Amino acid sequence: MTTLAPDDAKSTSKPAPRRREIPQNRSGSALKQSENRAAYLFLTPWLLGIVGITGLPMLASLYLSFTDYRVTAAPNWVGLENYATLFGGDRRFISSIWVTLKYVGWSVPLVLIFSLAIAVALNRGLKGLAIYRSLFYVPSLIGASVGIGLLWKEVFGARGVVNEILGWFGMAGRGWVNSPTFALPTIVALNVWTFGASMVIFLAALRQIPESYYEAASIDGANAWQRFRRITLPLITPVIFFNTVLLLINSFQSFTQAFVVSGGSGGPVDSTLLYSLYLYQKAFQQLQMGYASAMAWVLLLAIGIGTAFVFWTSKYWVFYGDR
Amino acid sequence: MQKSRLFGAAMRPAIATSVIALTLATVPGTTVAQDSDLQGDIRFSWWGGQVRNDKTDQIIQLFEEQHPGVSISRENADWEPYWQRLTIQTTGNNQPCAITMQTRWLATYASEDILMPLDDMVADGTLNVEGIPEAVLESGRGPDGNLYMIPHGVFYFALMYNEQMAEAAAEAGVERPEYPYNWDQFAQYLRDVLPTLEEGAVASHNMGIEPDAFIPWVQSHGEDVFDGSEIAFSRDTVIEWFNYWEALRQEGVTEPPEVMIEDNSALIEQSNLANARGFVTNRPPNQLGSVQTIVDTVSPGATIDIMPYPVGPDGTVGMDLGANGIAIGANCPEEKWPVVAEWINFFTQNPEAADIYESDNGVVAVDSLATAQAENPDTQATQVRHIELYQEVGETANPVFWPPSGYQALDDTLGRAYEAVAFGSLSVEDAADQFMSDLQQQLDQAASQS
């Protein structure tokens with residue numbers, strides 16, 4: 001193999017098209033500076049937000065997590081005492097972790113399965129798709145609200161609509177939200193009901209899959225399940241991954257529904273004591289802001305580890321078609 | 001041109017008024033004719049529902065009419081959010097000038113950084129405490145000895161019951177116990193009433209989770225609730241309390257635990273008492289009027305009345321007593337002190353204001369006003385009953401000393417422990433241990449920073 005010297009290359013190749021040189025003079029530099037200024041100007045609101053509303057309070061919270069701050073008096077430095085108490089002697093902290101893991105463990109897969117199933121059903125060229133899509137999306141807009149939490153509490157209460165309907169079939173109802181066995185599943189059901197956001201993302205992904213793949217598979221004799229299993233599922237794994245991460249982070253931070261349904265207690269018998277709810281109790285009911293700050297940092301770490309784990313597993317199950 | 005004439009015509013009186021005002025303002029010793037020289041605006045916060053909001057608004061309007069230069073911003077909230085909001089406000093040093101306070105919560109906020117000590121203002125007569133009994137006034141002191149609150153209402157706790165159900169039971173031969181009845185006699189009365197009720201109704205709300213009922217139990221058994229920031233009652237007293245309600249629950253005298261939780265947090269209109277599904281429950285007696293108003297709609301013809309908590313085995317009265325009052329935020333600027341002091345004086349002492357309020361948040365603290373209210377034919381019958389019961393049994397009450405976060409901690413830990421018993425998650429003994437351990441832990445944490 002011979003290589004051409006630069007001069008040879010020059011002589012054998014077509015003359016290179018004349019490039020317009022970017023002026024590097026003073027006026028060009030001024031333009032660049034001006035553009036930078038404009039960029040920073042547009043970024044300013046975001047920068048102010050990330051620094052002032054997120055960054056500084058986070059730093060303050062980190063500091064407070066090493067203090068005994070109780071709002072009504074100045075904070076005193078206590079080192080790692082809050083963290084030691086959390087893992088060493090707080091029974092309810094451990095309880096809240098278990099409740100949260102159960103909640104996340106049920107919520108995330110159920111929302112994924114439910115939203116994917118509805119998205120697949122809606123992706124079959126139904127008439128009025130936009131209307132159905134909007135209708136299914138509405139719960140995810142209002143599901144985390146206090147109003148819906150209160151409604152859920154009434155619907156699943158001892159004298160709620162659910163028991164009324166069960167009564168028509170001669171079945172005895174119960175206070176679903178006031179039972180240690182059923183309170184958490186009721187909240188999980190409320191969360192699953194807010195599947196709309198994930199569904200819309202799945203629907204967008206499904207519509208990106210070329211129809212020709214399905215036609216070819218059909219010609220080869222693949223049935224509906226095989227087409228879903230071998231074409232749809234692999235091609236939407238990046239979106240499943242994306243939704244999983246989002247749902248995981250949101251579920252770990254769930255608060256409103258458990259707060260409203262249990263009246264802020266996390267009961268009955270701590271069965272709905274989600275981590276964020278316990279954190280809230282410590283901060284705003286017992287005024288232990290330092291302790292609550294430590295809890296917040298443990299939560300941040302747990303979410304980080306959970307998300308990192310999902311990212312690590314993604315190399316085994318997420319299929320990017322271009323790789 | 002037309003516009004200019006209109007503008008001129010409109011402006012003439014304004015200019016004339018301004019000239020007169022400026023002239024008067026510059027002439028020494030001349031004052032504009034009005035009821036008061038007070039100037040300024042303050043924020044006033046309180047808790048309560050719509051009935052109390054309306055009454056408070058009326059009183060504020062009356063005060064503002066008498067003091068045209070004063071404006072009061074209203075900040076109201078329901079009970080629990082009220083304290084959470086106050087906590088957040090104190091964090092930002094943004095608490096109102098006039099803050100409705102309660103003895104149960106006072107120790108949590110009783111710090112010179114949050115509330116202003118009022119002793120000097122009382123001593124020099126700026127704050128008028130005439131007619132407020134000494135013991136009631138003293139309840140406004142924090143653990144540091146400073147007076148932080150001027151009481152305007154004395155609250156106590158009692159049982160509410162359905163009068164028609166009691167009458168029906170009496171007709172069926174179930175005699176009403178004469179006060180002072182003890183806890184066992186009360187339980188037996190409930191057992192006897194149960195068969196006379198309609199199917200599905202219970203004789204009593206399960207009060208095993210209720211701190212307002214637990215306190216009279218403890219005190220009527222000769223023990224204190226707290227000693228400083230330490231628990232003062234014994235484990236045996238807790239075990240007996242849990243056993244007392246467990247026996248009644250298992251006999252069907254009280255509701256199942258799922259309904260117990262629901263009834264505990266229910267609005268009045270959804271409660272067992274209002275819907276004739278329950279005979280007795282615990283509600284603050286100052287709510288008697290609002291409860292009766294709602295019952296008139298939900299169960300027309302039903303009458304709700306109040307009766308005292310039972311006494312102990314040896315006749316000891318365990319009734320708790322507390323006060324609601326107004327405190328001044330430590331951040332309140334000095335120039336607003338005269339306005340806030342006048343507002344407190346008006347709210348606590350003015351007969352017209354007292355008539356409007358009708359002891360809505362505790363029996364009015366000034367004795368003469370309470371008596372006048374009870375004798376006034378225009379006062380609601382329910383509020384008269386509220387005042388009368390206080391006058392009958394109030395003197396025997398034994399006020400609880402509340403340490404910082406004490407009420408919140410007791411409410412939280414007692415409810416959780418008895419729930420565990422009622423749902424079968426813990427034995428009575430284990431629940432008593434958990435309750436006392438959790439409660440002491442919360443008290444210690446609060447005390448370490450107070």
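Note that Cβ sites are derived from N, Cα and C of the backbone, with glycine treated the same way.
Taken from TrEMBL, the feature domain 'ABC transmembrane type-1' applies to A:97-310. Annotation source TrEMBL lists region 'Disordered' at A:1-30. Taken from TrEMBL, the feature transmembrane segment covers A:39-66, A:103-122, A:134-152, A:182-206, A:231-252, A:258-280, A:292-312.
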Range from A:39-66, A:103-122, A:134-152, A:182-206, A:292-312 with the greatest count of C-beta pairs under 8 A to the transmembrane segment (A:258-280): A:182-206
Contacting positions for the transmembrane segment (A:292-312) when only residues 6+ beyond its ends and CB under 8 Å are counted: 61-62, 64-66, 69, 82-83, 86, 93, 241, 244-245, 248-249, 252-253, 275-276, 278-280, 282-283
Cβ-Cβ under 8 Å with the transmembrane segment (A:39-66): same-chain residues at least 6 beyond its ends: 75, 77-80, 82-83, 289-290, 293-294, 296-297
Non-local residues, at least 6 beyond the ends, that sit with Cβ under 8 Å of the transmembrane segment (A:182-206): 99, 102-103, 106-107, 110-112, 114-116, 118-120, 122-123, 133, 136-141, 143-144, 148-149, 152, 156, 174, 176, 232, 235-236, 238-239, 242-243, 246-247, 251, 254, 257-258, 261-262, 267-268, 271-272
Residues from the same chain, set at least six apart from the ends of the transmembrane segment (A:231-252), whose C-beta lies under 8 A from its own: 100, 103-104, 107-108, 111-112, 115-116, 120, 191, 198, 201-202, 204-206, 208-209, 213-214, 217, 275, 299, 302-303, 306-307, 310-311, 314, 317-321
